[in-house]
Structures are given as structure tokens and as C-alpha cells.
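Data first, discussion second: the structure below is written as C-alpha cells.
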Amino acid sequence: MDSKPKKSGIAIQSSAPLYAQRNHHHAASVKEHVHDHVAEVEKETNAQTPVTPNEYQPAYHHSHEDHNEKHNHSQQQHFHSHVQPDHTMHDHHNHSHDHHGHDHTHHGHDHAHHGHDHAHHGHDHAHAHAHSFPAVYTKPLPSWAHIFSHLAPAQKTIFTWFLLHLGIGIWLYCMGTNRESLSLIGFAYLMIFDALGVLNSFVSSILRTNAAFGISNTKRPYGAHRYEIVFALATTIYLMFATMHNTKESLEHFLLQDHHGVEVHDTKEHHLKFSLGMFFLVGTAITATCLSSITLRNHDNFVRYLRRRPSTVHGFTYNVINRARGNPIHALLSNIYSTLIVLCGSVILLTYMFGIATPFVDKFLALSESVVMFYLGFPTAKALAKVLLQTTPNTVQNGVENRLREIQQDPQILHVDRVHFWQTTYGKCVGTIEIQVRPEADEQAVLQLVYQKLEGLTSSDVNSDDHGGSELTVSILK
């Protein structure tokens with residue numbers, strides 16, 4: 001270390017800035033640290049003076065690489081690289097040069113420190129994204145125990161009658177299977193469907209009377225009233241499966257009738273003979289169907305919904321007679337479901353009473369019951385599926401088209417868009433429409449016009465109050 005030559009005291013001062021001279025002669029060394037560039041400039045200006053290489057330079061480069069990887073600048077290495085105690089012969093200009101290099105290097109240090117703060121800010125940003133928003137609280141629906149512990153007396157009566165009605169249907173099925181009578185099995189399917197209609201009335205009553213099922217939230221915007229549509233659709237799907245099974249069994253027995261022997265044929269005729277137990281059971285089933293239709297009004301929701309369809313769709317006009325003024329016969333005839341079930345049971349009972357219940361007649365009656373089940377189940381299932389899919393009813397759609405033509409004739413209205421009318425449940429229709437008006441249009445007048453034209457379409461059901469009324473949403477855009 002003692003043999004190291006000292007630098008000369010002669011200094012060459014240039015009028016040009018040091019960084020300009022550095023960029024002109026050493027452009028390739030930009031990747032080096034700022035401290036190295038200052039040392040190179042010092043060599044350029046003192047070219048006549050031999051300069052001993054700095055033996056601490058490799059360590060300095062090592063510290064710089066560590067700075068790039070870990071963002072940790074060592075303050076001691078910073079002063080060690082620039083403060084040289086051996087340079088005792090520097091004049092004032094050289095000292096100013098060193099001080100300038102020190103300031104520039106310190107500026108680079110501040111910039112690196114700013115980069116560290118930016119990285120820390122990025123860490124805070126990622127930490128903020130790690131937090132999740134709390135889930136919106138949705139009040140749960142009442143449990144089955146709570147529902148059955150708070151039943152009204154009328155609801156208890158409906159549920160008890162459903163159990164009795166279902167028991168009659170199951171008893172009929174067992175008797176039909178024992179007697180190998182397809183007509184009794186088909187009538188048992190209809191009786192079980194009729195009992196499920198009583199259960200539909202029970203479910204609708206629970207949803208209407210319990211306020212917890214009518215609360216709207218993010219999970220159930222229209223409350224839980226659409227559950228009765230889901231349950232009713234499941235009931236009609238059951239009827240469709242019963243139709244397919246009964247049809248398959250009837251056709252199978254028709255095709256295999258010639259393969260049976262005489263002994264088996266005589267045995268079947270013995271099973272199809274009239275008995276007092278069968279008369280009592282079929283008569284009880286017919287009576288239960290009449291009572292369910294007259295007093296409990298099962299399938300009443302189906303009738304009120306299907307009567308809004310055009311009469312040409314199903315070939316039958318579904319008109320509801322006012323039950324307050326109608327007699328029991330009129331109330332029974334107004335319910336197409338109960339009427340056809342009673343008709344099927346009466347035909348089977350008369351067939352057995354008059355002794356004409358042959359195997360061929362039994363199969364024919366079973367096929368006839370399959371037609372009745374399909375006639376009742378398929379249109380109902382189709383209508384209920386449209387409700388769940390939020391499609392516009394046909395009668396409402398025809399009225400909407402006519403009303404929209406009248407609305408578009410208003411000079412303040414430019415365009416009508418996003419028109420959607422659908423039913424959420426029985427008797428409750430929801431409509432949404434978007435109106436684009438002129439900038440100078442009166443919004444209140446336009447709203448009054450639209451509500452006047454379209455409000456009748458969403459509240460055409462006289463019994464809509466039972467289900468919470470209807471809704472019409474109008475958006476005005478300028």
C-alpha cells in the first residue's frame with residue numbers, strides 16, 4: 001500500500017459540464033454505476049497523471065449488484081468509495097469535483113430509495129386485494145318445524161285432508177295391482193295427483209300467510225312465492241310420468257293378449273269381477289275428489305292460470321265461475337281437473353257394476369285415462385315452465401303490442417326498448433319497459449301515459465291481491 005504512486009497536483013478545468021464530457025467519451029459505460037462514471041471523468045481530465053487502480057473497486061461492484069437484487073444500499077460503502085484519505089494534494093477544483101460527484105451519487109441513492117418506497121406501495125396494494133367484502137346477510141327461510149308449529153286451524157285441516165286423500169290413492173293402487181286391473185291403477189294415479197293438488201293449496205296458503213316468505217332480498221328478489229310454481233311443476237311432471245307408465249302397460253297387454261292361455265284369461269276375468277270392497281273404495285275416491293274441489297278448491301291455481309290462455313290452445317274454455325254465487329255443481333264443473341277425475345272414476349265404477357269389465361274394456365279404459373292425464377298434465381306443465389322461464393303470456397303479449405303502438409304515437413317519445421312482461425307466480429305479473437324521450441319532454445307526463453296504458457296488463461287478475469299485486473317498472477332516458 002505504501003508503494004502506491006500519488007496523483008499529480010495539476011488539474012485541467014473544462015468549461016463543459018462533467019456529465020457531457022463523460023457521455024462523449026464513455027457512452028458504452030452507461031450500465032456502470034454513477035460512482036464509476038465520476039472516476040472515469042477524473043481519469044479523463046487528469047490524463048497526464050498516472051492513476052493507481054482502486055483495489056476496493058471489485059468490492060464496490062459487488063455491493064452494487066447486491067443493491068440491485070435486494071434494494072439495500074450500504075451507507076458505509078457509499079462513503080468508503082468516494083472519500084479517499086490518501087488524496088491530500090487535490091486542489092480546490094478537484095475538491096469541488098469530488099463534492100459534485102458526491103451530490104450526484106447521493107441523488108442516485110435517493111432515487112433508489114424512492115424505488116423502494118414504490119415497491120412498498122405495491123405491497124400495500126396487493127394486501128388490500130387480499131381482503132374480501134363481507135357477504136350480504138340473507139335471512140334464512142323458516143324451518144319445517146317452525147312452519148308446522150305455527151299452522152292455522154284451516155291449514156291443519158288442509159294438510160290432514162291431503163294425508164287422507166293420498167291414502168285413498170295408494171289404497172286404490174294396491175287394489176288395482178292385486179286385481180291386475182290397469183283401469184284401477186290409472187285411476188289411482190289420478191287420485192294421487194288430486195291429492196297433490198290439495199298439497200299445492202296447502203303450500204300456497206303457507207307462502208301467502210307467512211310474511212317471511214314474502215321478503216325480497218338479493219337471493220330471492222321476488223320472495224319465495226315462486227316455490228309454489230316449482231312444486232306445482234313437479235306435480236304435473238309426476239302426472240306425465242304416470243301417463244307414460246300407464247300407456248306402456250296398456251299397450252304391452254294389448255300386444256301380448258293373444259299369447260296368454262285360456263286359464264290365465266279366465267283368471268283375469270275373475271279378478272275383474274265386481275266386489276263390495278271395490279265399490280266402496282271407488283265411491284270413496286269419487287266423494288273425496290268432489291269435496292276437495294268444492295270445499296278446499298284444489299287445482300284452483302291451475303284453473304285461474306289456465307283460464308288466461310286462449311281457448312283455442314287446449315280446445316277448452318277455462319272459465320272460473322264466481323264461487324260466492326255458484327252452487328256446488330257449478331263449482332265442480334268449473335274445475336276441469338276435478339271434473340275429469342270424477343268422470344274417470346264414475347265410468348270405472350259403472351263398468352264394474354254392469355259387469356262389462358272385460359280385459360279388453362279394462363285396457364281401453366286405461367288408455368283413455370292416459371289420454372286424460374296427458375290432457376291435464378302437458379298443458380299445465382308447459383304453462384308453468386313458461387312462468388319459471390319468465391316468458392310473456394300470450395294474452396298479455398297481444399295486449400302489449402297494441403298498447404306499445406299507442407305509446408309510440410306520442411310526439412315526446414323517440415323509442416321504446418327492453419319491453420318484458422312475465423309472471424312471477426299465480427296472478428302476479430311483472431313488467432319492465434325503457435322509454436327514450438326528447439330532451440325537452442316532460443317526464444311526469446310520459447310516466448303517466450305509460451302507466452295508464454300498461455298498468456291494466458299487469459293487474460288484470462281479480463285475485464291478484466292474494467299474491468301481493470303486480471309490478472310495472474318504467475325507465476325514462478333522455
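The backbone N, Cα and C atoms fix where each Cβ goes, and this holds for glycine too.
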Range among 274-296, 435-457 that TrEMBL annotates as transmembrane segment: 274-296
Distant-in-sequence neighbours of the transmembrane segment (332-354), which means Cβ under 8 A and at least six residues beyond its ends: 183-184, 186-187, 190-191, 193-194, 197, 272-274, 278-279, 282-283, 285-286, 289-290, 292-294, 297-300, 302-303, 316, 318-321, 326, 361, 365, 368-369, 372, 375-376
Intrachain residues whose Cβ lies under 8 Å of the transmembrane segment (158-178), provided they are six or more past its termini: 151, 184-189, 191-192, 194-196, 198-199, 201-202, 205, 271, 277-278, 281-282, 284-285, 288, 291-292, 296
The transmembrane segment (274-296) touching the transmembrane segment (227-245) per 3+ Cβ pairs under 8 Å rule: no
